[in-house]
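Reviewing the structure listed below.
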Amino acid sequence: MRRAGAACSAMDRLRLLLLLILGVSSGGAKETCSTGLYTHSGECCKACNLGEGVAQPCGANQTVCEPCLDNVTFSDVVSATEPCKPCTECLGLQSMSAPCVEADDAVCRCAYGYYQDEETGHCEACSVCEVGSGLVFSCQDKQNTVCEECPEGTYSDEANHVDPCLPCTVCEDTERQLRECTPWADAECEEIPGRWIPRSTPPEGSDSTAPSTQEPEVPPEQDLVPSTVADMVTTVMGSSQPVVTRGTTDNLIPVYCSILAAVVVGLVAYIAFKRWNSCKQNKQGANSRPVNQTPPPEGEKLHSDSGISVDSQSLHDQQTHTQTASGQALKGDGNLYSSLPLTKREEVEKLLNGDTWRHLAGELGYQPEHIDSFTHEACPVRALLASWGAQDSATLDALLAALRRIQRADIVESLCSESTATSPV
């Protein structure tokens, strides 16, 4: 009996030990479930990856995931319960700096010249540094413009939100200062007329036969011809007056100038003589022809003994064409926007990113309903500029003024630098 009881007790202990082992293994399996959720059958619910949302949560069945739609929905977490979330829309004065993709939401930022107020979340216009103050921190994202009063030695003569205080101009040794530098205006310098450099003065009472210590002042309107060879100052024996001899280059300059002048005068006289002789022959030929005979063309060539042929009519037409072309190049098409090169207009379209073109349209006189109609076009900026460019008042000056009013000085500088680079001299 005792042996049977002992055997039963051992069996009970073995069963209890097996139950404990199974319980521990079952609890450990549940602890390794990353989601902490289980199906009705005890299976760990799986999580949806980044870019996927839960279409059907687990319960009777396992979790069902679906991919998020680009530019429509996104999911930036790994979850067994979160569905795809709708993308954020950039509205009003906001522009998109990063698009909405499957795993990341869109990132919006305020348009150029605006920043996001942290308290209201709205886009506010950047503060302008007044005259006498300069930029310390630029206006961007959630940071408004930070200005400072220009310290000594710097100035700012323009109110904007992009330029810091500039260092004052320091006049050179050959200049004199007309106006001091102030926090709101730069210093103004003027060239001093050229003078001879004074030499050291010998002590009084000395018997030195050196020349005068101060060279005479040369009037500013007279040009001084620099010498490449140093002036040599000698003293004639028995005389206190110095003898100044110039270098060889100074002696040759008048000779070269005389030869050049003689060549120019001779060439002008030769051309004048040939023209006078040609006119005389033309008059004699015209008198010998009948009255009803057609006069000779103005383009008749004039031959000289040297073999040089001059076509007076061609020269006249060429000069007239050159003057006309120069006048048109200087005058342009009345500075119309449509006269800009295609590449320059495309550059303006690229710079008008985000919703900046809406503000430009308002400055150009378009109503809100007309501005909204441009959004239906494939490229609203190009449609706006094409519509405005067709008007008679669509001048480049009007466009530059509108760009300055919306604080787009970068586009103004681009247009002005291009116009300067291509303008005729």
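Note that Cβ sites are derived from N, Cα and C of the backbone, with glycine treated the same way.
The topological domain 'Extracellular' feature in Swiss-Prot is assigned to 30-253. Feature annotation from Swiss-Prot assigns disulfide bond to Cys33-Cys44, Cys45-Cys58, Cys48-Cys65, Cys68-Cys84, Cys87-Cys100, Cys90-Cys108, Cys110-Cys123, Cys126-Cys139, Cys129-Cys147, Cys150-Cys165, Cys168-Cys181, Cys171-Cys189; the stated evidence is a large-scale study or a structure entry. Annotated region 'Disordered' per Swiss-Prot: 193-225, 282-332, in sequence order. Residues or ranges marked as topological domain 'Cytoplasmic' by Swiss-Prot: 275-425. What Swiss-Prot records for 327-342 is region 'Mediates interaction with KIDINS220'. Taken from Swiss-Prot, the feature domain 'Death' applies to 354-419.
Annotated features, which come from Swiss-Prot, shown on the structure.
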| residue | record | DSSP (3 states) |
| --- | --- | --- |
| Cys45 | disulfide bond | coil |
| Cys58 | disulfide bond | coil |
| Cys68 | disulfide bond | coil |
| Cys84 | disulfide bond | coil |
| Cys123 | disulfide bond | strand |
| Cys139 | disulfide bond | coil |
| Cys150 | disulfide bond | coil |
| Cys171 | disulfide bond | coil |
For the domain 'Death' (354-419), residues assigned helix / strand / coil by DSSP: 46 helix, 1 strand, 19 coil
Length of the line joining the Cα atoms of Cys150 (disulfide bond) and Cys87 (disulfide bond), in Å: 45
Cys100 (disulfide bond) and Cys45 (disulfide bond), Cα-Cα, nearest whole angstrom: 28
Cβ neighbours of Cys33 (disulfide bond) where a neighbour is any other Cβ within 10 Å: 15
For Cys68 (disulfide bond), the number of other Cβ atoms found within 10 Å of its own Cβ: 24
Secondary structure of Cys181 (disulfide bond) (DSSP, helix/strand/coil): coil
Cys90 (disulfide bond) - helix vs strand vs coil (DSSP): coil
Cα separation, Cys58 (disulfide bond) to Cys33 (disulfide bond) (Å, whole number): 14
Distant-in-sequence Cβ neighbours of Cys189 (disulfide bond), under 8 Å, six or more positions away: Thr169, Cys171, Glu172, Glu175, Arg176, Gln177, Leu178
